[in-house]
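Per Swiss-Prot, the features are as follows:
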BINDING   HIS58, HIS106, ASP196, HIS200  Mn(2+) binding site
TRANSIT   1-32  transit peptide
Amino acid sequence: MVNLGSIWQNLLASQAPLQSMTGNATTMAGLATYSLPQLPYAYNALEPYISAQIMELHHSKHHQTYVTNLNNALKVHVAAIASSDIPAQIAQQPAIKFNGGGHINHSLFWKNLAPAETPETNYSKAAPSLAAEIEKTWGSFDEFKKAFSAALLGIQGSGWGWLVKESTAEKGRLRIITTKDQDPVVGGEVPVFGVDMWEHAYYLQYLNGKAAYVENIWKVINWKTAEERFQGSREDAFADLKALL
């Protein structure tokens, strides 16, 4: 099987079916399925910065489509494993990668947003440890915001921008990265928070005004969640996904 990286191996492993052996045949049953997470706020809670219309379409339509397509692809993939059909297994991997990434990214994204002017969106009070590390790395929050915003606006086509924490060689070090399409954060990095730069995240409200969307997204970043992810492990950051099975 093609190596899709640890996140995809974990995704497939989490779907490991019950197996019963009859001679040389493997029977697979009990396939788990993923479900759409509930938002921790109402669709209109992020207004005026993200409209209720965008939030409802983004969550109930776009994210739901990723979940549906992921479950369908995993079902076909498991059947291909059961029949030892390697070409069919390989054929499903792009769909698993794309839709699995869409489910992972959006599940993280919803949790790192919160209504403006709430305790969760107060940068210095909600995220003291993260704020100290940001200012150590970039010199000030303003310089960090400038660098992160530039990375978001530099994405060509569709993708995501992420603040990540290294959890390997340089444990605790912060970096800004971008991922293309629905590729998630892979390897040993912890996603502290992410921003969706697909057009469906902003176009109905901002049209082609990506810069205005990027400026306003800062008003609804959930720094409490970001602080928890910064202080936690990669497993902690992805724990919510396991609960969606």
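Any Cβ shown, glycine's included, is placed from N, Cα and C.
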Please report the number of other Cβ atoms within 10 Å of the Cβ of HIS106 (Mn(2+) binding site).
25
In the same chain, outside HIS58, HIS106, ASP196, HIS200, whose C-beta lies within 8 angstroms of the Cβ mean position for the Mn(2+) site?
HIS59, HIS62, HIS63, PHE109, TRP198, ALA201
Cβ contacts within 10 Å for ASP196 (Mn(2+) binding site), all chains included, total 25
CB contacts under 8 angstroms to HIS58 (Mn(2+) binding site), restricted to the same chain and 6+ apart in sequence, sorted by sequence, are HIS106, ASP196, HIS200, ALA201
Need the DSSP three-state call for ASP196 (Mn(2+) binding site) to compare against my parser.
strand
In three-state DSSP terms, the structure that HIS106 (Mn(2+) binding site) belongs to
helix
